[in-house]
Amino acid sequence: MNFSSSTFGKLLTGRGSRQGLWLLPFAIALAMALWLAVTTSQFGQWSNLANLVAQGMPLLITAVGQMFVVLVGGLDLSIGSVVSFTTAILALDLPGYVTIPGVFLFAGLIGATNGYCITRLNVHPIVATLSMQYVVLGITRVLRPVSGGTVPEGVRWLVEGSLFGLPLPILWGIATLLVAWKLLYGSRYGLHLFAIGGGVAACSDDAARNFGIPASRNILLAYVICSLFAALAGVFLAGRIVSGDPNVGLLMELDAITAVAIGGTQLSGGVGSLHGTVIGVVVLALLSNGMNLLNVTPFVQTAVKGILLMAVVALQSRKKIGL
Amino acid sequence: MSALVNSTLFRRVSKVPPSYYLLVVLLVILFVARPQMLNANVLGVFVRQVVPLGILVLGQLLVMRVKSIDLSGGGVILLINYCISSGIFPGASLGFYVVLALATGLVIGLFNGVMVAKRRVSAVIVTLALSIVLIGFVQYLSSGKPPGDVPKIFAELFNTRFAGLPSPVVFWIALTALMALLLSQTVFGRFVTAVGESMPAAHFSGVPVERTVILAHTLAGLMAAIAALVQTASIAVGSVRVGLDLPILSVAATILGGVVFGRGEGGVWGPFFGVLCFAFLFVVMTMFGVGDAGKLVAQGLIILFAAIFYGLRADK
């Protein structure tokens, strides 16, 4: 009788579950929040909590997008560049009604290109999105070599303002989660994503197609969704930093992947959940917020993030060896 | 599109890794624009710069052929650079540093291999996470400041020449030849090919899949350690930023050289020329006044086209 086949072990390691391992990270998040609330006086203050939400929001939005791609066994490394690109476009001297739709159009195109290369031209997701990361970052640096410019006033209000007494960042989070929930659990599309991913994870790529699910089209759409969420995160960040910055999205894709992985979504595809991703984001946000409160240097924060990621991923179990 | 892909001409053309074509194109451009640069001395200097990348690629192609990936090279290079330049081992000899570096690489590679093959963790995540941990650790130890100087002997060794060529370049070529022999002449080399073709098939034919993957990762760690030594010798100072983009570039050069996940048509020399392409690409682009931004775009497009080139040919 080994640990992971007992009922408790199953729940803890997420073995055999479609939702993956999310209970353990949930416990970690809870423990971290409690510990911070007890040891530091600032943590529970309203201003710190509002700051926590606003700081974690770009991560939440990108991680939710990344989850769609990870569920079909892919990976999108280009989202950091898309975020930077978005802030650069918004900081151009153009009215918001031109730039905001334009940003989402471009992001959709980037996602579609990723998806097309992966599904039709048979390029490995890591390779396709990595090269897209370079291309988009290059274009961003042409548009805006150093940070500067100003973002339209409306975008700023969308991030800093409040509605019915609620700070707007919270509404961004709710809207993101509602859209993602509808796509994932409230539509046929979400079901198809899980089916395709399950096939990919079991090393039989055409399992879903044999059941009549158009795999290529759905995978392509997942990359478009991921890019669109990245653009949304970019708009949010642009509102926060009030300028365009070619480096603001640097390494953001890694944080997003970390959050998704901590939340129990398996990188081989087919297993994962929206609430898991939210928990992953909360863990990462609490980690950086808590360490800031405790005056830990950012370098240690980096190392701890890496160890956490490794520990959580090592607890997941899967069949596939390799990527 | 499929008619074009299936034509005899395309099949014949696509047998050769893209790196060979690109290298020829780059050399022709250099020849037309700056013929005076095409002599052994100038080229030697350029090629010497990419030797760390070239050595890292030798490990990368090994793990990519068993459908894995190693992104921990950046962390390994940083850690070894810190050990050598911070003076935490006062009075240590060159031999000590070499053994220390190789041992570090071996342990890290073994850890990666066991995590990937036994624990079945995603290789992207585990190697990336390890790199993040190592980078954070080194930056914490050095408080984010460059640690110090590298013993003089490293730079002296790096600047020597052997048979008219810079010795790092000779060393790289020798190491590449060794790797080519390892893959073509040994049982391990065949296991690598078999595992890359199909893991279930290899498993049922009695190939020790897990052990092959572990060994591939261990060798990759070793290569990263050697690359770290050469990189440290080349910059001759301690740094907390050195080599961070090398893992990604090594993946790019490997793909350009015709080795994609699980498929190794390019052998060992394809990626070798892929690395040379990157050396000359940056020279050519600097020559034409292309800025950093343009270089990023070109780099991305080249990787993408190389991958499409292979993807189109692969049978679905």
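Just so you know, glycine gets a Cβ as well, placed from its N, Cα and C.
Per TrEMBL, transmembrane segment is recorded for A:20-38 (among others).
Sequence annotations record features per position, and here TrEMBL assigns transmembrane segment to A:59-92 (among others).
For the transmembrane segment (A:98-118), the list of distant contacts is 74, 76, 78, 82, 85-86, 89-90, 92, 124-125, 128-129, 132, 136, 152, 155, 219-228, 230-232, 234-235: same-chain residues at least six beyond its ends, Cβ to Cβ under 8 Å. Residues annotated as transmembrane segment in TrEMBL: A:98-118 (among others).
Annotation source TrEMBL lists transmembrane segment at A:125-143 (among others).
Summarising the annotation, TrEMBL assigns transmembrane segment to A:163-184 (among others). Sequence-distant neighbours of the transmembrane segment (A:163-184) (same chain, 6+ residues past either end, Cβ-Cβ under 8 Å): 50, 53-54, 57, 60-61, 64, 67-68, 157, 190, 193, 225, 229, 232, 236, 274, 278.
Cβ atoms under 8 Å from those of the transmembrane segment (A:219-242) belong to residues 54, 57-59, 61-62, 64-66, 68-69, 71-72, 74, 76, 78-79, 82-87, 90-91, 100, 103-104, 106-108, 110-112, 114-116, 118-119, 129, 147, 150-151, 155-160, 169, 172, 176, 180, 183, 189, 193, 196, 248-249, 252 of the same chain, restricted to positions at least 6 beyond its ends. Positions annotated as transmembrane segment by TrEMBL: A:219-242 (among others).
The annotation transmembrane segment is assigned in TrEMBL to A:296-315 (among others). Within the chain, the transmembrane segment (A:296-315) has long-range Cβ neighbours (under 8 A, six or more residues past its boundaries) at 13, 21, 24-25, 258, 261-262, 264, 267, 283-284, 287-288.
A Cβ distance under 8 Å defines the sequence-distant neighbours of the transmembrane segment (A:20-38), meaning residues of its chain 6+ beyond its ends; these are 11-14, 44, 262-266, 271-273, 275-276, 279-280, 282-283, 286-287, 289-290, 293, 312, 315-316. Beyond the ends of the transmembrane segment (A:125-143), by six or more residues, the same chain brings 69, 73-78, 80-82, 84-85, 88-89, 92, 110, 113-114, 117-118, 223, 244, 246, 253, 323 to within a C-beta distance below 8 angstroms of the stretch.
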